[in-house]
Amino acid sequence: MAVNLSKNGAALTAAYDEVVKGSTNWALFTYEGNSDNIRVAAKGDGGLEEMMQELNNGKVMYAFCRVQEPSSGVPKFVLINWWSSVFVSVQQSSVCVRVQWSSVFTGEGVKVVRKGMCANHVQSMSNFLRGAHVTINARSEDDVEPDVIMDRVAKAAGVNYNFHKESNRFSDTGPCGSVGSLHQKTSAIQEIQSTNKDDFWAQLEREEQSRRRQERNRAEHERKREEEERQAQDAREAAERERRQKERANQIDQQRTHQKTSAIQEIQSTNKDDFWAQLEREEQSRRRQERNRAEHERKREEEERQAQDAREAAERERRQKERANQIDQQRLYETKQEAASRETESQERKQELHQSDTQRAGMRRSQSVQMAHEAAAIISQRKVNPRDVFRQRERSLDTNRTPTTGSQPGKNSSTVSVKREHLYYL
């Protein structure tokens with residue numbers, strides 16, 4: 001059954017507006033008893049600590065709070081569903097993080113049947129309490145600690161940015177250089193995964209609606225069948241009573257017609273008081289039997305009804321478990337798909353880096369070869385080789401050298417050889 005926001009609509013809207021525009025910074029909503037009517041449970045201006053004290057483990061509750069973003073001081077709104085989830089669907093942007101769960105756990109004291117009935121109210125409450133920057137599904141008080149909530153709010157802002165510090169930091173900066181662009185290609189796997197998630201939740205909603213219609217039709221059919229059986233039983237009992245009355249009347253008429261006795265004998269043999277007393281006792285016995293039979297039939301129908309209710313409850317529990325298993329399998333599948341997608345993207349980046357490194361190395365080798373060819377071409381274009389000049393100069397020195405005295409022959413030869421080696425290396 002859908003959640004009812006119209007019965008207490010004025011109070012709900014007023015509490016929401018006080019959180020958004022007034023001095024109140026939190027409001028708590030819950031159900032009226034076991035109905036689907038939403039009412040205002042509490043509100044105040046004492047912050048998250050005061051709100052935590054009003055949470056009840058035995059109830060399904062929704063909290064809408066206003067907090068200050070730690071780094072920038074900008075007000076942020078937080079929606080807390082006093083329950084948790086099995087399968088998660090995350091929608092994230094630079095200023096908003098919204099977490100929705102398909103199957104909910106409420107406070108630890110709430111019955112399982114009530115949890116299942118309230119699972120479909122999450123979207124309606126999110127639409128009513130619109131504008132939330134962070135949505136938290138909580139089951140215990142550890143999930144709604146002020147430090148945990150503020151950490152979620154800080155992460156939802158995208159970066160830890162302080163307006164005053166950053167403005168002073170960049171106030172004296174010079175002109176910036178050219179701005180580049182970074183294009184990130186669209187991942188087909190991510191697009192398919194997001195489409196599959198939307199289709200999965202739509203299919204799950206259609207199946208839930210179909211199951212409810214079938215249960216209503218089955219209950220209506222069962223009620224009509226029981227009504228028809230009761231009417232048929234009443235008709236049979238009325239016909240049986242009428243038949244017995246006719247048989248008794250026929251027996252009396254036959255006795256009066258076929259007995260041929262004298263009036264004195266009939267008076268003597270018949271005790272009218274005993275006759276009518278016996279007839280009254282038989283009628284009372286018949287009525288007791290009919291009441292016992294009706295009571296037995298009523299008990300039998302009650303036992304059948306209880307057995308049918310137990311079977312339906314077991315069937316509902318089985319379907320809920322199957323749905324929870326499906327959700328767990330879907331979450332595991334999506335986790336594997338995301339891991340595979342990240343691995344694929346990592347491999348693609350590594351391949352791109354390897355290709356770019358290979359291209360740069362090839363370019364460096366080609367440049368070195370080109371420079372060597374250019375040097376060889378320049379050398380080949382020279383008309384005189386420097387080495388030939390050095391050789392001619394060495395030969396001229398050997399030719400013009402005069403013989404020296406034999407006192408220091410080793411010194412002269414070593415000096416000439418050193419000069420030759422020096423000219424050769426030049």
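These residue numbers are counts, starting from 1, taken along the chain as shown.
Keep in mind that glycine also has a Cβ here, set from the backbone N, Cα and C atoms.
What TrEMBL says about a protein is an automatic prediction, not a curated fact.
Pulled from TrEMBL:
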- 206-250: compositional bias 'Basic and acidic residues' (COMPBIAS)
- 260-270: compositional bias 'Polar residues' (COMPBIAS)
- 271-357: compositional bias 'Basic and acidic residues' (COMPBIAS)
- 385-398: compositional bias 'Basic and acidic residues' (COMPBIAS)
- 399-417: compositional bias 'Polar residues' (COMPBIAS)
- 2-154: domain 'ADF-H' (DOMAIN)
- 206-426: region 'Disordered' (REGION)
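Across all of the domain 'ADF-H' (2-154), the predicted model scores a mean pLDDT of 78. Secondary structure of the compositional bias 'Basic and acidic residues' (385-398) per DSSP (helix as H, G, I; strand as E, B; remaining residues coil): 13 helix, 0 strand, 1 coil. Sorting each residue of the compositional bias 'Basic and acidic residues' (206-250) by its DSSP state yields 45 helix, 0 strand, 0 coil. Each residue of the compositional bias 'Basic and acidic residues' (271-357) gets a DSSP state, and the totals for helix, strand and coil are 86 helix, 0 strand, 1 coil.
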